[in-house]
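K.L.:
Pulled from Swiss-Prot, these are the listed features:
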TRANSMEM  6-26  transmembrane segment
TRANSMEM  45-65  transmembrane segment
TRANSMEM  89-109  transmembrane segment
TRANSMEM  115-135  transmembrane segment
TRANSMEM  156-176  transmembrane segment
TRANSMEM  189-209  transmembrane segment
TRANSMEM  221-241  transmembrane segment
TRANSMEM  251-271  transmembrane segment
Amino acid sequence: MTDMHSLLVAAILGIVEGLTEFLPVSSTGHMIIVGHLLGFEGDTAKTFEVVIQLGSILAVVVMFWRRLFGLIGIHFGHPPHEGVGKGRLSLIHILLGMVPAVVLGLVFHDFIKSLFNPINVMYALVVGGVLLIIAEVLKPKEPKAPGLDDMTYRQAFFIGCFQCLALWPGFSRSGATISGGMLVGVSRYAASEFSFLLAVPMMMGATALDLYKSMGFLTMADLPMFAVGFVTAFVVALVAIKTFLHIIKRISFIPFAIYRFIVAAAVFAVFM
C-alpha cells in the first residue's frame with residue numbers, strides 16, 4: 001500500500017468501527033465486509049482492529065466518566081444523563097454483568113476464535129436481529145427499571161447472561177445486552193446506557209489480551225496508520241453514542257433489526 005492509501009483505509013475503517021461498535025448492528029460484520037472490499041486482511045488487519053477498538057472504548061470513558069468514577073465511589077456532582085441522582089448503580093452491578101461472559105469466554109476461548117468466519121457472522125447477524133424484534137415485542141409496557149439507578153442485581157446478572165450471546169462473532173455485544181435488558185424490565189434507554197458502561201471493562205480486558213498476543217505484528221512503520229484509525233474511531237464513536245442515545249428515545253430497535261438482515265445479506269453476497 002502507498003502511505004496515503006493506507007491512511008485512507010485507516011480512516012474508513014475507523015469510521016466503520018466508531019459507527020458500529022456500540023450500536024446493535026455488529027461491528028464485526030461490518031469490519032469483515034469493509035476490510036474485504038478494501039483488501040485489508042490478515043494479521044496486520046486484525047491487530048489494527050484491536051487498536052481502533054481502544055479508540056471506541058475511550059469514547060465511552062469520555063462520555064460516561066462521571067458515572068464510571070461514581071462506580072468506585074468518586075463523585076463530581078450529577079452526571080449529565082438520564083436516570084441519575086440516587087446513586088444506586090454500583091460496581092457490583094457491573095461485576096454481575098461481566099461474570100457470565102468472562103467465565104464462558106475463558107473456558108471456550110479457542111472454540112470462540114474458531115467461529116470468526118463470514119458465514120458464522122452472517123447467521124449471528126440474523127439471529128441477533130430476531131432477538132431485537134423479540135425484545136421489542138415482549139418487553140413490559142412499563143419498565144420496572146426506567147433509569148440506571150433503578151436496576152436490580154438480578155437484572156444486571158441476567159443482562160450479563162444475555163451478553164454471553166455476543167461471544168458468537170457477529171451477534172453484537174450491545175444488541176445482546178440491550179435486548180436482554182429490555183426483556184428483564186429495563187427501559188430501552190437505561191439498557192443502552194448499562195450496555196455502554198459494561199463495555200468498558202469487558203472490551204478493555206479482551207482488547208488488552210488480543211493486543212498482547214498481536215504485539216509481534218506491530219511495527220513503527222504502521223504507527224501513522226494505527227494512529228489515524230484510533231483517532232477516527234474515537235471521534236466517530238463519540239458522535240455515534242450521543243446520536244444513538246438521542247434517537248432511541250423516539251424509535252424502537254426494529255429498524256436496527258432490519259438493517260442487520262440487510263448486512264447479513266451483504267455478507268452472503270460478498271462471501272458465498
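Heads up, the Cβ atoms here are built off N, Cα and C, so glycines get one too.
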K.L.:
Please figure out which one of 6-26, 89-109, 189-209, 221-241, 251-271 racks up the most CB pairs under 8 Å against the transmembrane segment (45-65).
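P.N.:
By Cβ pairs under 8 Å, 221-241 leads among 6-26, 89-109, 189-209, 221-241, 251-271.
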K.L.:
With pairs 6 or more apart in sequence, are the transmembrane segment (251-271) and the transmembrane segment (189-209) linked by at least 3 Cβ pairs under 8 Å?
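P.N.:
They are not in contact.
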K.L.:
Count the CB pairs under 8 A between the transmembrane segment (221-241) and each of 6-26, 89-109, 115-135, 156-176, 189-209, then give me the winner.
P.N.:
6-26
K.L.:
Cβ under 8 Å, sequence separation of at least 6 from the ends of the transmembrane segment (156-176): give me the contacting residues as numbers and ranges.
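P.N.:
Apart from its flanks, the transmembrane segment (156-176) reaches 21-29, 92-94, 96-101, 104-105, 108, 112, 115-116, 120-125, 127-128, 131-132, 183-184, 186, 191-192, 194-196, 198-199, 202-203, 256, 260.
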